[in-house]
Amino acid sequence: MATGYCLVVLTITLLSLASSPALATDGKPLQDYCVADKNGVPMNGFACKPPQSVTADDFTFSGLNKPGDTNNPAGFKATLVTVNQIPGLNTQGLSMVRLDFAPGGVNAPHIHPRASELLIVMEGSLEVGFVTTLPETKLITKVLQAGEAFVFPQALTHYQRNVGKEAAVGIAALDSQNPGTQPVVAAVLGSCPKIPVEVVAKALQADDSVATQLQSKFK
């Protein structure tokens with residue numbers, strides 16, 4: 001019952017994002033569709049595939065019904081559905097992601113620079129939260145149960161954590177065909193080339209040796 005309700009809410013949300021240029025992050029499409037031509041010239045988005053070569057497969061993705069592999073240190077797996085998976089999302093201003101969590105699994109603090117996110121918990125219990133910008137840097141957090149939803153504003157640092165004893169599953173809608181993901185800790189400590197140790201140490205208010213040790217964990 002909860003799953004069916006969640007799917008209805010998610011469908012309404014996706015239709016709202018796609019039909020409202022005032023709410024969508026990406027620009028309003030100027031034609032029925034513009035299926036991404038991955039072989040075209042790179043630009044802000046993708047060039048359009050010739051209409052005569054467009055098929056139903058360009059608008060289809062199979063796999064959101066399959067659990068992601070959470071056998072990793074984070075106990076977490078994201079299954080993305082962006083323009084890279086569905087070429088027909090090009091210019092449509094929306095994407096989706098399935099989030100799978102093992103017990104105790106964490107989707108570490110990160111940002112989506114080009115999208116807001118609406119998460120619906122399908123199974124289990126998730127602690128979710130985001131941090132506002134300076135000067136408050138306030139953590140807004142809540143524990144969600146199956147059937148509950150939570151909004152992460154665009155470009156704010158946010159996270160999710162499975163606080164239940166069983167696996168948890170979430171489905172999220174984002175108002176961009178390519179929202180992007182920037183893991184906060186990995187960006188600071190694992191950039192290539194590395195951010196100078198002196199800068200990281202100052203940011204962490206720690207000794208250079210501590211910054212070096214932390215950076216060494218990110219190859």
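If you go along the chain as it appears here, the first residue is 1 and each next one adds 1.
Positions of Cβ are set from backbone N, Cα and C atoms, glycine also.
Unlike curated records, TrEMBL annotations are generated automatically.
Around the Cβ of Glu117 (oxalate binding site), 21 further Cβ atoms fall within 10 Å across all displayed protein chains. Per TrEMBL, oxalate binding site is recorded for Asn107, His112, Glu117.
Sequence annotations record features per position, and here TrEMBL assigns Mn(2+) binding site to His110, His112, Glu117, His158.
As annotated by TrEMBL, disulfide bond applies to Cys34-Cys48.
The domain 'Cupin type-1' feature in TrEMBL is assigned to 62-212.
TrEMBL lists 1-24 with the feature signal peptide.
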Residues satisfying Cβ distance under 8 Å from Cys48 (disulfide bond), sequence separation of at least 6: Gln31, Cys34, Val35, Ala36, Asp37, Gly40, Asn90
His158 (Mn(2+) binding site) to His112 (oxalate binding site) - Cα separation in whole Å: 9
Glu117 (oxalate binding site) and His110 (Mn(2+) binding site), Cα-Cα, nearest whole angstrom: 12
